[in-house]
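Here's the structure we're looking at; comments come further down.
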Amino acid sequence: MGETILSVKDLHISFRTLDGKVSAVRGVTFDLKRGETLALVGESGSGKSVSMKAINRVLPGNTLYDQGEIIYEGQNLLKLSESAMEKIRGRKIAMIFQDPMTSLNPTMSVGKQIAESILIHEDMSREEALEQAVELMRLVGIRNPQESWKNYPHQFSGGMRQRVMIALSLACKPDILIADEPTTALDVTIQSQILDLIDDLKKQLNMSVIFITHDLGVVAHVADKVAVMYAGRIVEIGTAEEIFYNPQHPYTWGLICSMPSLDTKDAALYSIPGSPPNLLHVPQGDAFAPRNAYALEIDYEQQPPFFRVGNSATHYAATWLLAPEAPKVVPPAEILKRQDVFKHTYLLQI
Amino acid sequence: MGTYILKRLAISIPVLFFISVGAFVLVHLTPGDPADMYITPDMTQAQIELTRASLGLDRPLFIQYFDWISNFLTGNLGFSFGNRQPVLDIIGQRLSPTLLLMSLSLLVAYLTAIPLGIIAALRKDTLTDRFIIGWTFLNVSFPPFFLGLALIYIFAVKLDILPTGGMSVLGAENGAEDLIMHLILPVIVMASQFSANMIRYVRASVIDVMHQNYIRTALAKGLNRRQILWHHVLRNSLIPIVTVIGTDLPKIIGGAVITEQIFQWPGIGSLTVAAINSRDYPILMAIVILSAVAVLIANFVIDILYALIDPRIKYGK
């Protein structure tokens with residue numbers, strides 16, 4: 001694992017809407033190292049996708065970057081001009097989106113779409129770019145690329161289109177690949193193929209990858225570091241092992257317990273009670289408190305700071321339960337059971 | 001593709017047949033009698049009957065139709081009830097003024113509407129957008145006869161810099177400059193109607209495409225706004241635009257009834273009005289068939305264009 005290449009500091013983002021200002025991201029801080037895979041996990045609306053799109057500044061026009069910095073190669077991306085940003089997008093920081101069915105231009109052949117990403121950043125002829133596009137298609141496992149580059153997106157299956165998206169995003173060998181729920185729209189069998197492909201390519205190209213997902217199972221075997229987000233904030237961050245074996249935040253417990261597993265015999269799958277807060281009106285104290293069975297009085301008054309977990313240099317959780325004065329709480333029994341499950345399934349590879 | 005074209009042609013034959021039957025019946029059902037034109041107060045009933053018989057109107061309707069269609073199939077469109085000239089010649093004389101006026105109007109309309117629609121879409125909800133949309137609203141709301149008369153009043157009557165109507169000043173026939181002067185006002189009236197409609201479609205279509213996920217992909221690739229517009233937005237927003245063009249195209253031949261009438265433009269539109277007024281059945285039938293053919297051709301051209309623009313559209317063998 002190399003040096004830090006991306007550093008997000010206290011990022012605050014909101015949207016102007018007809019109803020008022022929606023605070024989608026409320027203070028996100030993390031570092032990404034070269035070659036590292038970070039997984040950002042959380043429910044829909046937790047701000048994971050917004051904070052990642054902010055890195056490439058591909059958010060809609062009503063976005064307000066209220067506060068914070070995104071430092072890449074010594075410069076704050078939020079302060080860069082649009083034209084300077086165009087040189088970073090796709091070339092240094094690339095993205096894959098959730099829905100491969102609609103993320104490709106339906107009236108342009110896939111080969112041209114891949115070649116286009118090369119052409120705008122590199123000085124070469126159309127023919128050379130197309131040759132490279134064919135090469136990239138072969139790299140991501142598309143059959144018969146010499147012929148199929150001429151095909152249009154509707155002639156490919158969902159999994160193949162996502163491979164095209166990956167080829168397109170890797171066209172300039174970026175430093176960072178942001179994959180925004182890249183497997184959500186795909187069949188389960190295709191999901192693991194795509195995840196493995198991204199993981200392989202990451203190693204080949206020495207990229208850093210940020211996975212955005214709401215499915216812990218998806219990231220368990222590819223992530224080095226996991227950040228759990230809730231209501232626009234990171235509530236727990238640590239290595240994959242720390243998050244899966246030693247979760248500290250009640251929200252992380254809830255997430256882990258609500259993962260379906262072949263070994264859980266109980267009929268009903270656990271779900272966290274209640275629903276996420278409306279970020280049009282940011283609640284006082286910890287946003288998770290109303291849904292938290294372990295909430296303390298202070299949770300309703302003051303937002304918990306990050307507490308370091310044990311002596312770990314990497315594991316932090318924002319819960320008052322970790323305060324020295326807090327009562328000792330035992331995680332739900334299900335968590336302990338799950339740890340055993342993880343040991344035998346996902347984490348064997350780590 | 002070849003078989004598809006043949007199929008389309010084959011289908012258009014029964015379509016034209018039914019249109020001709022329907023039009024023939026409707027035209028003959030309209031109250032009034034073409035023979036009225038020839039009747040003078042001192043004519044006897046027998047003379048009136050004779051006039052009707054000379055126009056062939058005394059026979060049963062289906063015989064008249066059979067007569068008409070068998071002539072039509074040999075290329076004979078009959079003779080005008082009015083001046084007894086061959087219908088084909090009359091239509092031929094009227095077609096080129098209409099073709100000139102309408103194609104010029106459409107050209108002016110599209111050349112202004114497409115850029116304005118794109119600008120409105122790119123500057124959505126800004127003052128520029130509001131202004132363009134307000135302008136189209138004004139154009140759609142003003143009926144062409146009002147706009148036409150207002151323009152005639154201002155530019156022809158008050159300022160006296162443009163002619164009130166017609167295609168040429170007497171004695172100045174064939175002068176290009178004269179023709180252009182006569183074209184300005186009717187083209188403005190027609191173009192404003194066409195363009196208002198088009199601007200709204202272009203704007204809506206471009207806005208719709210700009211919200212598609214693949215535009216976000218293009219942005220994330222590092223393309224700038226101009227590249228995104230040219231390489232990804234335009235082609236994809238063409239489909240609804242082509243549909244509008246498809247509904248406009250037949251008017252190139254059918255002409256504009258009201259505008260031609262106001263500007264005394266000697267085209268198909270004013271011929272239609274005159275033929276209806278005098279119940280000139282052969283002329284009316286010819287115009288109906290001509291318009292139907294124009295619509296069929298336009299639809300056909302549009303369908304081919306769809307397939308050229310969007311690779312997802314393929315016509316079966």
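In case you wondered, yes, glycine gets a Cβ from its N, Cα and C as well.
Over in TrEMBL, the protein carries these features:
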DOMAIN    B:95-302  domain 'ABC transmembrane type-1'
TRANSMEM  B:9-29  transmembrane segment
TRANSMEM  B:99-122  transmembrane segment
TRANSMEM  B:134-159  transmembrane segment
TRANSMEM  B:179-202  transmembrane segment
TRANSMEM  B:283-309  transmembrane segment
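Residues 100-102, 104-106, 108-110, 112-114, 116-118, 120-121, 132-133, 135-137, 139-140, 142, 144, 147-148, 151-152, 155-156, 162-163, 165-168, 237, 240-241, 243-244, 248, 256, 259-260, 262-263, 265 of the same chain lie 6 or more positions beyond the ends of the transmembrane segment (B:179-202) yet place their CB under 8 Å from a CB of it.
With a cut-off of 8 Å between Cβ atoms, the residues of this chain six or more beyond the transmembrane segment (B:99-122) that come close are 128-129, 132-133, 183, 186-187, 190-196, 198-207, 210, 225, 229, 234, 241, 245, 248-249, 251-253, 255-256, 260, 265, 267. Sequence-distant contacts of the transmembrane segment (B:134-159) (same chain, at least 6 residues past either end, Cβ-Cβ under 8 Å): 165, 185-186, 188-190, 192-193, 195-197, 199-200, 256, 258-259, 262-263.
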